[in-house]
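What TrEMBL records for D91, K182 is active site, proton donor/acceptor. As annotated by TrEMBL, active site, schiff-base intermediate with acetaldehyde applies to K153.
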Amino acid sequence: MNQEISNMIDHTILNADAIEEDIKTKCQEAKEYNFASVCVNPSFVKLASEELKGSSVKVCTVIGFPLGMNTTKVKAFEVKNAIKNGAQELDMVINLGAVKSEVWNIVKDDIKEVVAVSSDNIVKVIIETCYLNDEEKRKACQVVKEAGADFVKTSTGFGTGGATIDDVKLMKEVVGDELEVKASGGIRSLEDAKQMIEAGATRIGASSGVKIIAGKETTGNY
(Lines of atoms letter the chains of each structure in order from A and count residues from 1; the text may use other names and numbers.)
(Lines give C-alpha, C1' and ligand atoms only; values in the text may rest on other atoms or scores of the structure.)
Protein backbone atom coordinates (compact mmCIF):
# COMPACT_ATOMS: atom_id res chain seq x y z
CA MET A 1 0.00 0.00 0.00
CA ASN A 2 2.82 2.43 0.84
CA GLN A 3 4.35 1.92 -2.61
CA GLU A 4 1.01 2.71 -4.21
CA ILE A 5 0.87 5.92 -2.19
CA SER A 6 4.47 6.74 -3.18
CA ASN A 7 3.41 6.60 -6.81
CA MET A 8 0.72 9.22 -6.09
CA ILE A 9 2.96 11.80 -4.38
CA ASP A 10 4.09 15.05 -5.98
CA HIS A 11 7.26 15.62 -3.94
CA THR A 12 7.03 19.36 -3.47
CA ILE A 13 9.51 22.15 -2.79
CA LEU A 14 8.03 25.60 -3.36
CA ASN A 15 9.51 27.62 -0.49
CA ALA A 16 11.12 30.89 -1.51
CA ASP A 17 14.43 30.13 0.21
CA ALA A 18 15.04 26.79 -1.53
CA ILE A 19 18.48 26.44 -3.10
CA GLU A 20 19.86 24.19 -5.84
CA GLU A 21 21.06 21.54 -3.39
CA ASP A 22 17.54 21.31 -1.96
CA ILE A 23 16.15 20.64 -5.42
CA LYS A 24 18.77 17.99 -6.11
CA THR A 25 17.93 16.28 -2.80
CA LYS A 26 14.20 16.25 -3.59
CA CYS A 27 14.90 14.77 -7.02
CA GLN A 28 17.11 12.05 -5.57
CA GLU A 29 14.46 11.19 -2.99
CA ALA A 30 11.77 11.10 -5.67
CA LYS A 31 13.77 8.62 -7.74
CA GLU A 32 14.50 6.47 -4.70
CA TYR A 33 10.85 6.34 -3.58
CA ASN A 34 9.26 6.33 -7.05
CA PHE A 35 7.19 9.44 -6.43
CA ALA A 36 4.94 10.66 -9.24
CA SER A 37 6.73 13.96 -9.68
CA VAL A 38 8.90 16.64 -8.15
CA CYS A 39 7.07 19.97 -8.00
CA VAL A 40 9.33 23.02 -8.13
CA ASN A 41 9.06 26.72 -8.80
CA PRO A 42 9.56 27.67 -12.47
CA SER A 43 13.13 28.89 -12.00
CA PHE A 44 14.16 25.37 -10.97
CA VAL A 45 12.42 23.44 -13.76
CA LYS A 46 15.55 23.09 -15.89
CA LEU A 47 17.59 21.82 -12.96
CA ALA A 48 14.91 19.34 -11.93
CA SER A 49 14.62 18.14 -15.52
CA GLU A 50 18.35 17.45 -15.61
CA GLU A 51 18.30 15.68 -12.26
CA LEU A 52 15.33 13.47 -13.20
CA LYS A 53 16.48 12.62 -16.72
CA GLY A 54 16.09 8.92 -17.46
CA SER A 55 13.75 8.29 -14.52
CA SER A 56 9.99 7.76 -14.40
CA VAL A 57 9.56 10.78 -12.11
CA LYS A 58 7.89 13.74 -13.83
CA VAL A 59 8.85 17.39 -13.55
CA CYS A 60 5.96 19.46 -12.20
CA THR A 61 5.85 23.23 -11.81
CA VAL A 62 3.41 25.94 -10.78
CA ILE A 63 1.72 28.58 -12.92
CA GLY A 64 0.26 31.88 -11.66
CA PHE A 65 1.41 30.80 -8.23
CA PRO A 66 0.38 31.30 -5.49
CA LEU A 67 -2.36 33.94 -5.98
CA GLY A 68 -3.70 33.06 -9.43
CA MET A 69 -4.03 36.73 -10.29
CA ASN A 70 -1.58 36.95 -13.18
CA THR A 71 -3.16 37.79 -16.50
CA THR A 72 -3.99 34.90 -18.80
CA LYS A 73 -1.24 35.92 -21.22
CA VAL A 74 1.33 35.80 -18.45
CA LYS A 75 0.13 32.35 -17.36
CA ALA A 76 0.32 31.15 -20.95
CA PHE A 77 3.88 32.44 -21.29
CA GLU A 78 4.82 30.72 -18.02
CA VAL A 79 3.48 27.45 -19.40
CA LYS A 80 5.37 27.69 -22.68
CA ASN A 81 8.59 28.62 -20.91
CA ALA A 82 8.20 25.83 -18.34
CA ILE A 83 7.62 23.20 -21.04
CA LYS A 84 10.64 24.48 -22.97
CA ASN A 85 12.71 23.96 -19.81
CA GLY A 86 11.41 20.42 -19.27
CA ALA A 87 8.15 20.64 -17.30
CA GLN A 88 5.71 17.78 -17.86
CA GLU A 89 2.98 18.70 -15.38
CA LEU A 90 1.57 22.18 -14.71
CA ASP A 91 -0.25 23.18 -11.52
CA MET A 92 -2.00 26.47 -12.25
CA VAL A 93 -3.90 28.66 -9.80
CA ILE A 94 -7.42 29.60 -10.78
CA ASN A 95 -8.36 33.30 -11.09
CA LEU A 96 -9.75 33.59 -7.58
CA GLY A 97 -10.99 37.14 -8.02
CA ALA A 98 -13.10 36.06 -10.97
CA VAL A 99 -14.39 33.06 -9.01
CA LYS A 100 -15.44 35.22 -6.07
CA SER A 101 -17.00 37.72 -8.49
CA GLU A 102 -18.81 34.87 -10.27
CA VAL A 103 -17.43 35.93 -13.64
CA TRP A 104 -17.23 32.33 -14.80
CA ASN A 105 -16.42 33.03 -18.45
CA ILE A 106 -13.17 34.69 -17.35
CA VAL A 107 -12.37 31.74 -15.09
CA LYS A 108 -12.99 29.26 -17.89
CA ASP A 109 -11.13 31.20 -20.58
CA ASP A 110 -8.10 31.54 -18.29
CA ILE A 111 -7.92 27.76 -17.83
CA LYS A 112 -8.69 27.00 -21.47
CA GLU A 113 -5.78 29.15 -22.62
CA VAL A 114 -3.37 27.32 -20.32
CA VAL A 115 -4.69 23.96 -21.52
CA ALA A 116 -4.36 25.11 -25.15
CA VAL A 117 -0.65 25.88 -24.80
CA SER A 118 0.15 22.91 -22.58
CA SER A 119 1.10 20.63 -25.49
CA ASP A 120 -0.87 17.74 -23.97
CA ASN A 121 1.08 17.93 -20.72
CA ILE A 122 -0.96 17.40 -17.56
CA VAL A 123 -2.75 20.50 -16.24
CA LYS A 124 -3.93 20.63 -12.63
CA VAL A 125 -6.06 23.58 -11.55
CA ILE A 126 -5.77 24.79 -7.97
CA ILE A 127 -9.09 26.21 -6.79
CA GLU A 128 -7.80 27.22 -3.31
CA THR A 129 -10.71 25.74 -1.38
CA CYS A 130 -9.97 27.67 1.83
CA TYR A 131 -11.35 30.84 0.23
CA LEU A 132 -14.49 29.28 -1.27
CA ASN A 133 -17.88 28.24 0.03
CA ASP A 134 -19.29 24.88 -1.09
CA GLU A 135 -21.33 26.39 -3.91
CA GLU A 136 -18.23 28.14 -5.28
CA LYS A 137 -16.20 24.94 -4.97
CA ARG A 138 -18.79 23.01 -6.95
CA LYS A 139 -19.03 25.63 -9.66
CA ALA A 140 -15.23 25.99 -9.87
CA CYS A 141 -14.83 22.22 -10.30
CA GLN A 142 -17.48 22.20 -13.02
CA VAL A 143 -15.72 25.03 -14.89
CA VAL A 144 -12.35 23.29 -14.58
CA LYS A 145 -13.93 20.19 -16.10
CA GLU A 146 -15.52 22.16 -18.94
CA ALA A 147 -12.21 23.92 -19.66
CA GLY A 148 -10.46 20.64 -20.39
CA ALA A 149 -7.96 20.35 -17.54
CA ASP A 150 -6.80 16.99 -16.19
CA PHE A 151 -6.99 17.54 -12.44
CA VAL A 152 -8.69 19.79 -9.95
CA LYS A 153 -6.48 20.52 -6.94
CA THR A 154 -7.42 21.72 -3.46
CA SER A 155 -4.78 24.19 -2.37
CA THR A 156 -1.54 26.07 -2.92
CA GLY A 157 -0.35 25.46 0.63
CA PHE A 158 0.11 29.21 0.91
CA GLY A 159 -3.50 30.13 1.72
CA THR A 160 -5.38 30.10 5.02
CA GLY A 161 -5.98 26.35 4.90
CA GLY A 162 -5.14 23.16 3.08
CA ALA A 163 -6.85 20.01 1.90
CA THR A 164 -9.76 18.54 3.86
CA ILE A 165 -11.49 15.20 3.45
CA ASP A 166 -14.84 16.91 2.91
CA ASP A 167 -13.45 19.09 0.13
CA VAL A 168 -11.85 16.15 -1.65
CA LYS A 169 -15.15 14.25 -1.48
CA LEU A 170 -17.06 17.27 -2.82
CA MET A 171 -14.60 17.80 -5.66
CA LYS A 172 -14.66 14.14 -6.65
CA GLU A 173 -18.44 14.16 -6.59
CA VAL A 174 -18.47 17.01 -9.12
CA VAL A 175 -15.77 15.82 -11.51
CA GLY A 176 -16.51 12.09 -11.27
CA ASP A 177 -14.28 9.97 -13.47
CA GLU A 178 -13.71 12.73 -16.02
CA LEU A 179 -10.98 14.45 -13.98
CA GLU A 180 -8.67 13.44 -11.17
CA VAL A 181 -8.37 15.16 -7.80
CA LYS A 182 -5.12 16.29 -6.19
CA ALA A 183 -5.10 16.93 -2.45
CA SER A 184 -2.41 19.30 -1.19
CA GLY A 185 -1.71 21.53 1.76
CA GLY A 186 -1.33 20.25 5.31
CA ILE A 187 -0.96 16.55 4.49
CA ARG A 188 1.51 15.58 7.19
CA SER A 189 1.17 11.85 7.81
CA LEU A 190 0.61 8.52 6.11
CA GLU A 191 -2.85 8.41 7.67
CA ASP A 192 -3.67 11.84 6.21
CA ALA A 193 -2.62 10.63 2.77
CA LYS A 194 -4.66 7.42 3.07
CA GLN A 195 -7.76 9.37 4.10
CA MET A 196 -7.41 11.74 1.14
CA ILE A 197 -7.07 8.79 -1.24
CA GLU A 198 -10.10 7.09 0.27
CA ALA A 199 -12.03 10.35 -0.23
CA GLY A 200 -11.20 10.33 -3.94
CA ALA A 201 -7.74 11.87 -4.44
CA THR A 202 -5.40 10.18 -6.89
CA ARG A 203 -2.50 12.55 -6.34
CA ILE A 204 -1.03 13.94 -3.10
CA GLY A 205 1.00 17.15 -2.94
CA ALA A 206 3.40 17.15 0.00
CA SER A 207 6.80 18.52 0.88
CA SER A 208 7.60 15.66 3.25
CA GLY A 209 6.84 12.63 1.11
CA VAL A 210 9.72 10.59 2.52
CA LYS A 211 8.56 11.06 6.12
CA ILE A 212 4.95 10.38 5.14
CA ILE A 213 5.84 7.07 3.51
CA ALA A 214 7.99 6.19 6.54
CA GLY A 215 4.96 6.76 8.77
CA LYS A 216 6.40 9.80 10.54
CA GLU A 217 4.36 12.88 11.46
CA THR A 218 5.57 16.08 9.81
CA THR A 219 4.96 19.81 10.18
CA GLY A 220 4.51 22.58 7.64
CA ASN A 221 1.80 23.97 5.40
CA TYR A 222 2.66 21.90 2.31
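The backbone N, Cα and C atoms fix where each Cβ goes, glycine too.
What TrEMBL annotates, mapped onto the structure for a quick look.
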residue	record	DSSP class
D91	active site, proton donor/acceptor	strand
K153	active site, schiff-base intermediate with acetaldehyde	strand
K182	active site, proton donor/acceptor	strand
List of residues, in chain order, with Cβ under 8 A from that of K153 (active site, schiff-base intermediate with acetaldehyde) and at least 6 apart: D91, K124, V125, I126, I127, V181, K182, A183, S184, R203, G205
